Amino acid sequence: MDIAILNTGCANLTSIQVAIKKLGYDSIVTSDPSIVLKSKKIFLPGVGTALAAMEQLHKKNLINTLKKLTQPILGICLGMQIFSQFSEECKGVKTIGIFDNCFTHLLKSSNLPLPHMGWNHIVFNNLHPLFKNIDKKERFYFVHSYIIPLNKYTLAKTKYGVSFSSVMQKNNFFGVQFHPEKSGDAGAQLLKNFLEI
């Protein structure tokens with residue numbers, strides 16, 4: 001299987017590549033649009049700011065490439081957030097716009113520290129293939145200060161002061177707010193499920 005990990009210059013690519021390798025799959029780290037378009041599965045990891053990620057995607061001519069994709073792609077953390085239409089981060093950033101009418105906001109919870117960092121539960125419908133063989137008691141590892149509120153594309157939600165989208169899907173575009181590559185066996189199972197979709 002051809003698996004591409006998009007190199008946006010805004011992510012720790014080694015951890016996701018190692019996690020995929022442990023599942024028995026090889027992957028390639030690339031920012032070449034022609035390789036991305038030919039890949040069977042694509043990962044868009046992201047750490048940092050929406051502005052930096054969008055600048056890198058624009059510089060590498062990847063924004064239109066991403067919009068053309070028909071094969072499954074998984075955005076991780078910031079990777080999911082930039083699938084929204086707009087981010088409040090950095091005084092406002094127009095993002096890719098896959099999840100239409102969805103906006104990324106600062107996580108506002110008066111009595112809890114930011115970033116939301118550590119292990120937390122996700123509430124999901126286990127009939128979806130992405131959650132196959134994942135127990136509802138499992139927890140996943142989060143590190144973020146911005147959220148996409150609950151919306152029509154939400155597959156799973158998490159509460160940290162307020163409830164927010166922790167897993168989303170629109171057609172072939174999937175997103176997770178947590179880091180599956182740092183979430184132990186449950187995270188590995190979710191990656192496996194995505195690769196088998």
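From the backbone N, Cα and C atoms, a Cβ is placed for every residue, glycine too.
Swiss-Prot lists 2-197 with the feature domain 'Glutamine amidotransferase type-1'.
If you look up Swiss-Prot, you'll see CYS77 marked as active site, nucleophile. Under the DSSP three-state reduction, CYS77 (active site, nucleophile) is assigned to strand. Residues within less than 8 Å, Cβ to Cβ, of CYS77 (active site, nucleophile) and separated from it by at least 6 positions along the same chain comprise PRO45, GLY46, VAL47, VAL143, HIS144, VAL176, GLN177, PHE178, HIS179.
The active site annotation in Swiss-Prot covers HIS179 (among others). HIS179 (active site) has a Cβ environment of 21 other Cβ atoms inside 10 Å. HIS179 (active site) falls outside any helix or strand according to DSSP and counts as coil.
Annotation source Swiss-Prot lists active site at GLU181 (among others), citing similarity to another entry. Around GLU181 (active site), the same-chain residues at least 6 positions away in sequence with a Cβ under 8 Å from its Cβ are SER15, ILE16, VAL18, ALA19, PRO45, ILE76, GLY187, LEU191.
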Seminar exercise, completed: Model confidence for the domain 'Glutamine amidotransferase type-1' (2-197), as mean pLDDT, reads 94
